[in-house]
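S.K.: These came from TrEMBL, pasted as-is:
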| type | residues | note |
| --- | --- | --- |
| DOMAIN | 1-390 | domain 'Amino acid transporter transmembrane' |
| SIGNAL | 1-19 | signal peptide |
| TRANSMEM | 43-68 | transmembrane segment |
| TRANSMEM | 89-106 | transmembrane segment |
| TRANSMEM | 112-133 | transmembrane segment |
| TRANSMEM | 229-249 | transmembrane segment |
| TRANSMEM | 265-286 | transmembrane segment |
| TRANSMEM | 317-345 | transmembrane segment |
| TRANSMEM | 365-385 | transmembrane segment |
């Protein structure tokens with residue numbers, strides 16, 4: 001599934017790059033503009049914009065939870081028995097939200113270019129640490145901590161164990177029984193998690209619109225080179241984390257390997273802080289289009305005066321909303337599975353292929369027609385099963401969770 005998803009999403013991203021200038025003399029600089037060309041001016045907006053909005057808001061909610069988990073884990077393994085600050089993830093999400101409230105007042109993408117670069121570097125760095133630790137220590141946790149059971153790759157009989165701090169050292173909680181339903185819905189959630197990994201489709205047209213284009217050298221040439229490089233980095237970053245982490249710990253590994261391991265302390269703390277730096281920048285990348293949509297609506301349709309006060313209020317309310325949802329449902333794997341299926345599967349897996357069929361209209365039963373329909377069917381099935389799995393995981397986690405504590 002990792003390899004198949006990588007191939008399919010690379011194919012649909014190639015389609016997006018090609019369709020950027022599908023009509024001679026015109027460039028589709030936004031996803032919804034391409035949707036309007038394929039489906040019509042009104043229907044295209046109603047199909048694409050809600051999906052994009054869910055993707056952008058969903059990613060920001062997940063980034064809130066991710067930052068909260070990483071800050072919480074870095075602090076807990078550093079202070080041991082002498083922790084003075086709150087251990088609740090709600091507290092750490094709140095701290096992250098304060099940072100985002102400040103950064104939200106920056107006017108546009110250009111103003112966060114340095115933050116975006118730092119985020120990209122951090123992403124590659126902590127991904128490398130995430131697979132280097134299990135590769136080095138093998139089937140034991142760092143610090144010679146034995147797993148509760150021998151490494152197994154079968155359907156797990158128990159829910160993944162969690163590491164807690166006791167006396168300054170990592171200790172594992174007792175495992176809980178895992179039912180057949182838990183296994184199946186867990187697998188569905190995992191499919192959504194894989195889908196969540198591929199988000200470039202939602203911004204690729206905006207990026208391509210910044211490149212020069214001439215009849216002799218259209219923008220798609222340079223853009224496709226960039227896409228291939230980016231997908232190479234994705235493979236180098238993601239595949240070793242999933243494969244080596246699973247090889248080392250089997251079905252006992254948890255949803256976030258960076259918070260599963262606790263030793264060597266200095267390296268795990270650095271990795272978790274790298275995660276925080278990454279999501280600080282990435283949060284604003286996905287929030288900027290939402291800010292633009294909200295402020296354009298308020299100014300253009302509701303006749304608000306564009307001002308610093310409008311920006312302050314609008315953007316602060318958005319950050320507060322994502323913070324509130326993250327505090328209410330701080331369930332990392334369940335959120336990844338749900339949003340991966342509900343939001344990312346349409347915009348990443350099958351919507352580009354549908355638009356390709358609508359714009360280019362390949363002959364029925366041709367290779368292009370068959371390939372696109374195969375991708376569409378795959379994406380639709382993925383959307384349904386991973387959304388169901390993620391939603392069920394959210395409900396299961398919420399049933400035993402003490403909210404806002």
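Cβ coordinates are placed from backbone N, Cα and C, and glycine is handled just like the others.
Give me the lay of the land around each of these features.
M.R.: Under 8 Å from some Cβ of the transmembrane segment (43-68) lie the Cβ atoms of residues 31-32, 34-37, 89-90, 92-93, 96-97, 196, 199, 202, 256, 275-276, 279-280, 282-283, 286-287, 289-290, 293, 322-323, 325-327, 329-332, 335-336, 339, 342-344, 346-347, 351, all in the same chain and six or more residues away from its ends.
Here the transmembrane segment (89-106) has Cβ contacts under 8 Å with residues 64-65, 67-69, 71-72, 75, 112, 115, 276, 279-280, 283-284, 287, 291, 311-312, 315-316, 318-320, 322-323, 326-327, 330, 404-405 of the same chain, all six or more residues outside its ends.
Outside the transmembrane segment (229-249) by six or more residues, the chain places 2, 6, 10, 13, 123-124, 127-128, 130-131, 134-135, 137-139, 141, 147, 151, 153, 197-198, 200, 257, 260 with a CB less than 8 A from a CB of the stretch.
Here the transmembrane segment (265-286) has long-range neighbours at 55-56, 59-60, 63-64, 66-67, 70-71, 73-74, 77-78, 96, 99-100, 103-104, 106, 109, 112, 115-120, 122-123, 125-126, 129-130, 133, 142, 203, 258-259, meaning same-chain residues at least 6 beyond its ends whose C-beta is under 8 angstroms from one of its own.
Here the transmembrane segment (365-385) has Cβ contacts under 8 Å with residues 8, 11-12, 188, 191-192, 195, 341-342, 345-346, 348-351, 353-354, 356-357 of the same chain, all six or more residues outside its ends.
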S.K.: Sort out the residues at least 6 away from either end of the transmembrane segment (317-345), same chain, that have Cβ-Cβ distances under 8 Å to it, and list them.
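M.R.: Residues 51, 54-55, 57-62, 64-66, 68-69, 89-90, 93-94, 97, 100-101, 104, 188-199, 255-256, 287, 290-291, 294, 379-380, 382-391, 393-394, 396-398, 401, 403-404 contact the transmembrane segment (317-345) from elsewhere in the chain.
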